[in-house]
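Undergrad: Have a look at this one before I ask anything.
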2 protein chains.
Amino acid sequence: MVHQHDESTANEVSTTTQLPSYGSSEEPRVYKVGCPPQKNFAREFRDTLRETFFHDNPLRQYKDQSGSAKFMMALQFLFPIFEWGRCYNLRKFKGDLIAGLTIASLCIPQDIGYSKLANLDAQYGLYSSFVPPLIYAAMGSSKDIAIGPVAVVSLLIGSLLQNEVDPVKNKEEYLRLAFTATFFAGITQAALGFLRLGFLIEFLSHAAIVGFMGGAAITIALQQLKYVLGIKSFTKKTDIISVMRSVWTSAHHGWNWQTIVIGITFLAFLLLAKYIGKKNRKFFWVPAIAPITSVILATLFVFITRADKQGVQIVNHIKKGINPSSVHKIYFTGPFVAKGFKIGVISAMIGLTEAVAIGRTFAALKDYQLDGNKEMVALGTMNIAGSMTSCYIATGSFSRSAVNFMAGCQTPVSNIIMSAVVLLTLLVITPLFKYTPNAILGSIIISAVIGLVDYEAVILIWKVDKMDFISCMGAFFGVVFASVEIGLLIAVSISFAKILLQVTRPRTVLLGNLPGTTIYRNTDQYPEARHIPGVVIVRVDSAIYFSNSNYVRERTLRWLTEEEEKAKAEGQSKINFLIIEMSPVIDIDTSGIHALEDLYKNLKKRDIQLILANPGSIVMEKLLSSKLNEHIGSNNIFLTVADAVRFCTRKSMQEP
Amino acid sequence: MVHQHDESTANEVSTTTQLPSYGSSEEPRVYKVGCPPQKNFAREFRDTLRETFFHDNPLRQYKDQSGSAKFMMALQFLFPIFEWGRCYNLRKFKGDLIAGLTIASLCIPQDIGYSKLANLDAQYGLYSSFVPPLIYAAMGSSKDIAIGPVAVVSLLIGSLLQNEVDPVKNKEEYLRLAFTATFFAGITQAALGFLRLGFLIEFLSHAAIVGFMGGAAITIALQQLKYVLGIKSFTKKTDIISVMRSVWTSAHHGWNWQTIVIGITFLAFLLLAKYIGKKNRKFFWVPAIAPITSVILATLFVFITRADKQGVQIVNHIKKGINPSSVHKIYFTGPFVAKGFKIGVISAMIGLTEAVAIGRTFAALKDYQLDGNKEMVALGTMNIAGSMTSCYIATGSFSRSAVNFMAGCQTPVSNIIMSAVVLLTLLVITPLFKYTPNAILGSIIISAVIGLVDYEAVILIWKVDKMDFISCMGAFFGVVFASVEIGLLIAVSISFAKILLQVTRPRTVLLGNLPGTTIYRNTDQYPEARHIPGVVIVRVDSAIYFSNSNYVRERTLRWLTEEEEKAKAEGQSKINFLIIEMSPVIDIDTSGIHALEDLYKNLKKRDIQLILANPGSIVMEKLLSSKLNEHIGSNNIFLTVADAVRFCTRKSMQEP
């Protein structure tokens, strides 16, 4: 039966030279398993390095260019403003102006609120929306990202910093450590980009980020209960249990009903505005200007009614004037350097993850490419400059970038506009914020962060990949029930564990023939696939490395044993051949070679022939250099499973 | 031309139902890409767990057995002595007796030397060759392994312990910490085995172990210069620079020529014996009994000539009697618990790596299977028991196991014989070692460890895998130039980095058609493979995960761009189809799904159709659950690349 199938399909694939005497008029074209000429070590190493660090081939365009052209291109590469600036026009400016004004109106109240999350005075949030956007506008290549302090990084840096220094008792030290962390965050980001190590942020999986962001959003919203309920003594911890206990114990005496009325009213207003903007995209500006409108209304209300005398907490004082220098405040020596470095590195990674994700999302929507490493250099430089001008860590804000995009921004000029408005605010109108109630800032932050709870993404993750879902939930509950750092640690650990699990326990499947073809496929996926008597075909679905070589060997032997038992039970012929389909085996290391050798020896003792089908070029190279192909026999390495099976069935017929 | 090729091979593969009107008399059997019924979450989770922890299906034999049979089998599983003990006979005993006596003669001088490496008194080495082998004999399943203290673990534990406690000044504390570390090493080993986490040791790659062992051997040999040259004040550091400086500075006054004569003479004798044993396998016993012969000769020589009065250092005193209890010496509270735990875990991993590697090697030679997890439980139990009976960490010794094997051991009874001989030694003849010169112990250790420098393996590693070579050399130089811990850290880091690099930068290759067939292969490996005009075929050689999804998307687009430029330069037709061969894509997560979706959208804007060929069952499941297959169109998912290409060429002809 197999032989018949064999004959009927013999006219399309291809055996190697091992059976020259078996010629027939229908003999197909003959191919050997290819083995490209061995590369020398230096070349191989260079290729690996290039593919790791320069896979996007950034120097391609510099080929065949004169020296001055190269210089100009390098300048444009580093400062894209020289590229898009040359074709900037009034039409684009109109778009940028509207977008810039819109995001400015959104960022001012957010900045004041976020700086509270970082345990810093309100002006530092505004400072961070002045200098960094300007630098990003010159160096960044995303057209849509809006730069400034963001909720999650503010919460993260606030909670990491207060583990080291008390923000109330040692205010000056706390501030200095914040600048130090910002400085090292900038250094980290720029270094990652410059060394083209940007791929490191990819190790935070999408699922982990969704969980982490959702958890952080809940945590941030819970923190705002302090302001919305007007609670005076509030826990410093961020986990939900401490926060709810704090809320509960202060219920009888600590809540302030006037504050609650203001907070809830405006929260309802903001959520309504958000809903309107979501329902009809034309009204995207409604949620965008709602916060500043709320601030103005609430401030006027408090100013007129003097509700602050009824216990409604107000902002009170924001320092007037532009960013003072803070170079002398950064710790370059002493025990705080290491602490600042650690906090900086963690915040840098989260900041990068957020900014790059935003940049990529909008780049995909407008169909332009973004060089992640270049972005990192821009973000890093802007944070280094920020740390010297009294800013804390800034990055791309998702909510403001979305508004920027919808308001029709064309270039990073919208960031410059925003920056200019913030400058004016700092110079002129900060005193007007005196009577702004804290409750309104809390409401603004709550309405801003709830968008980070992406339940639709969570549902999709659940549907697609359960391991991803575990990682997502681990990060979420870690942040909500323990702390931001622990949530982050859980997210990273689960992501890594998933990778390691995959390389430790790769899949191996049994292949069968699809009747009427020469195709061999997984018998689980294609129930119609037939076993070939006397032959076991196993496909190994992974590179064979030290981490899985023993497993692959043992698992293959287990497949064989199971098939042998089955064959015995069904009274079929003894198994004489084990074919390993090597197509997915993209690489093999010395441990893998040893495992194959052991497998070969083990099979030989059981009088079973090991046959390899379609080893790739790297695997062939290594089989040759380890001389394992001589053990197995070059005759027993075939281009396709079909060829291998044909060889086996012929051989069984010759030697009955 | 392509069409002609298409016609000539149309009779073996298989399109799906999307072209029902294109029927011809030669239409082959039709297969759709299979998608197995979706498993529910609990079942999927259980399967993953089973494959991770119970891939060897240890409970298979318990099926269909009565209760008492099950109990007996479980007993035999835990204590294999009840299995092999039942068919033990005189013939086997003869083999075990000879092997046991041989390894005993080898282990006694080694034990005394190795305990010096661990900064412990000589008797502790002998203790560790008494209790642990007995327990292993009852619980272990390797027939060939010889249990006892080994050089590398002794060096490791010695150097880790002396970082914490001074072995001379705080002798008692040092000893207690050593027992504590041994206790936790045993707990770690037993727990790993019991929780079936044994695969964790696989993360130390073969190459890293070769490098680490080689480096440790050199370090140990260098340490012996102290004894062989008779140097009194010797550095405590183990790196080659400190040691050579120590040797050099003591050259003028610190060397003792009598010691050197004894040391060098016997070293030459031992190496000659080793050479004889290697040349002719019949004389394996020559190197096996050479050490004890040397000890006897040298001791007699010193006793007669009283060379100890000329400055030849001697062993002086070994405590007589069997192992005292040390339960009360283990720290269960206090600051030393954490230190002991850390040292224990590290030593446990190295001990396990060595023992499991040895066990596997000899099991493969004698063709029996070894359950790694079960071995770990045995090794762990023996170390827990050891820590309570004044032993330090014991494991499988490579040199003694090889001798055991060659001497014809049949069962673990040879370990019992060895243990009995050590017992007699402890009870009766320890005083006789008084005049044994330290130099002879140094020579024995040098001749024992040089076998660990496996230069042949290094050459093979260099030939097969350059990354493995780097990892090997990193571990080697780390141990030799820095310290054992740093070498170990380098080895583990490089091993991990290699795994991460693989999952971050998987290979993508361009496929072409082998003329005259329907086979599509890597154009680099098969230079004769032809491109199909208007079609780009890319194979992705890895699961698409968060760590590589962006890379895969960008790299695929770069292949497309390069091919488009090439087509333009050669005046060929525009590229209309991008086929992704998914055979090696064994899994995809949510990030991967997003990347595919982005790719699809990007291509759509460029008016290029994305086509998938041969997605596996897991990938199909995820395409369905994410509804991405509806975007791409189920019609554009094919069983083989050949089907996909046929579809493309037909479509190009229909719409010119």
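Note: Cβ is positioned from N, Cα and C throughout, glycine not excepted.
Unlike curated records, TrEMBL annotations are generated automatically.
Note that the structure is predicted; figures quoted are calculated from it, not measured.
Copying in the features that TrEMBL gives for the protein in this structure:
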COMPBIAS  A:10-24  compositional bias 'Polar residues'
DOMAIN    A:525-648  domain 'STAS'
REGION    A:1-29  region 'Disordered'
TRANSMEM  A:145-162  transmembrane segment
TRANSMEM  A:174-195  transmembrane segment
TRANSMEM  A:207-225  transmembrane segment
TRANSMEM  A:255-276  transmembrane segment
TRANSMEM  A:283-304  transmembrane segment
TRANSMEM  A:343-365  transmembrane segment
TRANSMEM  A:377-395  transmembrane segment
TRANSMEM  A:415-433  transmembrane segment
TRANSMEM  A:440-462  transmembrane segment
TRANSMEM  A:474-497  transmembrane segment
Undergrad: For the transmembrane segment (A:377-395) and the transmembrane segment (A:343-365), check the count of CB pairs under 8 Å (sequence separation 6 or more) and say whether it reaches 3 or more.
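TA: Output yes: the transmembrane segment (A:377-395) sits against the transmembrane segment (A:343-365).
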Undergrad: For the transmembrane segment (A:474-497), which partner among A:207-225, A:283-304, A:343-365, A:415-433, A:440-462 gives the most CB pairs under 8 Å?
TA: A:207-225
Undergrad: With the transmembrane segment (A:343-365) as the reference, which stretch in A:145-162, A:255-276, A:283-304, A:415-433 has the largest tally of C-beta pairs below 8 Å?
TA: A:145-162
Undergrad: Tell me whether the transmembrane segment (A:415-433) sits in contact with the transmembrane segment (A:145-162), defined here as at least 3 Cβ pairs under 8 Å among residues 6 or more apart in sequence.
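TA: Taking Cβ pairs at least 6 residues apart, the transmembrane segment (A:145-162) and the transmembrane segment (A:415-433) are in contact, with 3 or more under 8 Å.
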Undergrad: Let me spell it out: take the transmembrane segment (A:283-304), skip the flanking residues so only those 6+ beyond its ends count, and list any with a Cβ under 8 Å from a Cβ in it.
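TA: Answer is 102-103, 105-106, 108-110, 262, 266, 269-270, 273-274, 276-277, 312, 314, 403, 406-407, 432-433, 435-437, 439-441, 443-444, 447-448.
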Undergrad: Do you know the DSSP helix, strand and coil residue counts for the domain 'STAS' (A:525-648)?
TA: 62 helix, 21 strand, 41 coil
